[in-house]
Amino acid sequence: MMATPNQTACNAESPVALEEAKTSGAPGSPQTPPERHDSGGSLPLTPRMESHSEDEDLAGAVGGLGWNSRSPRTQSPGGCSAEAVLARKKHRRRPSKRKRHWRPYLELSWAEKQQRDERQSQRASRVREEMFAKGQPVAPYNTTQFLMNDRDPEEPNLDVPHGISHPGSSGESEAGDSDGRGRAHGEFQRKDFSETYERFHTESLQGRSKQELVRDYLELEKRLSQAEEETRRLQQLQACTGQQSCRQVEELAAEVQRLRTENQRLRQENQMWNREGCRCDEEPGT
C-alpha cells in the first residue's frame, strides 16, 4: 500500500516534536488521545485500512457459518460482501454416469423373467420383515402366483363336449362325467404341452446366432431329403406288395370258382345216381 503525503510528513517529524505539538494545543480545543506508533515508524490506520478490517470481520463471521474466510472463493481483493460470496458458492449437481438399461417385461426371456420375479419377491419379503420388526402393519405380497398355485389341473375345457348324461341312471351319469373330465384333462395337458414347447423352441431360436441357424437349416434339409427317400421306398414296396396281393387274390378267386364248379358237377352226378338207384329199387318189386 502506498503512503500518503500526510503520512510521509508525520514520519519525517521526530517523536519529541509530536509530543510538544500535542501538549501545546489551544486551550479551548478538546484533547485528542495520543496516537500509538511503534518504534519502527509504522503508519497509523487509515480509513481504507479500517474498512478492510471490517470486511475481514464480516468474512470471519461468514466463516463461522461454515465457510473458510481465508479461501480465495470467499475473500476477493476488492472486498466482496457476504451475499456475493454466498451467491457465488453454489453446488452444481451433475447427472449420474451410471445408466440403467431398462427393458420391458414382455421383451425378456423366460429365464430373465424368472430372475426378475425372484428378485422382486426377495425384496418384498425383506421389506415386509423390516416393517414387521418395527411393528408396522404388513400387507400380503402383491403377486399373481397364488392364481397359478390355485389353478385346478383338471380344469374342464369348454371346447371339448362332455358325455351325455341320462337322468334315469345315476351310475351311468357319474361314469359319463368322469369320462368327460378325463378327456378334458387330457386335452388341457396336450394344449399346455404344445404351448410350452412352442415358447421354449422360440426362445432357443432367438438365442442362436446366424451361423447356427444356417447350419440347423441345412441339417433339416438333409433330414427332409432322407425322409422323402424313405417314403418313396415304402410306397414302392407297398405297391409291389399290393400287386402281389392282387395276384394272389385273383388266383384264390379262380380257385374258389373252380371248386364251386366242381362242387356243382359232383352234386349233379350225385342227384343222377340217386335217381338211378331209386329206379333200380322199384323194378324188382314190380
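Placement of Cβ uses the backbone N, Cα and C atoms for every residue, glycine included.
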Item checked: Residue carrying phosphoserine as stated in Swiss-Prot, selected out of SER51, SER96, SER178 -> SER51
Item checked: Which range of 140-143, 200-203, 204-207, 220-223 is region 'Interaction with P-TEFb', per Swiss-Prot -> 140-143
Next item on the list: Look up SER53, SER69, SER125, SER194 in Swiss-Prot and give me whichever carries the note phosphoserine.
Entry: SER53
Notebook entry, point to check: In Swiss-Prot, which of these is labelled phosphoserine: SER14, SER71?
Noted result: SER71
Note to self: Averaged over the coiled coil (207-277), what pLDDT does the predicted model reach?
What the structure shows: 88
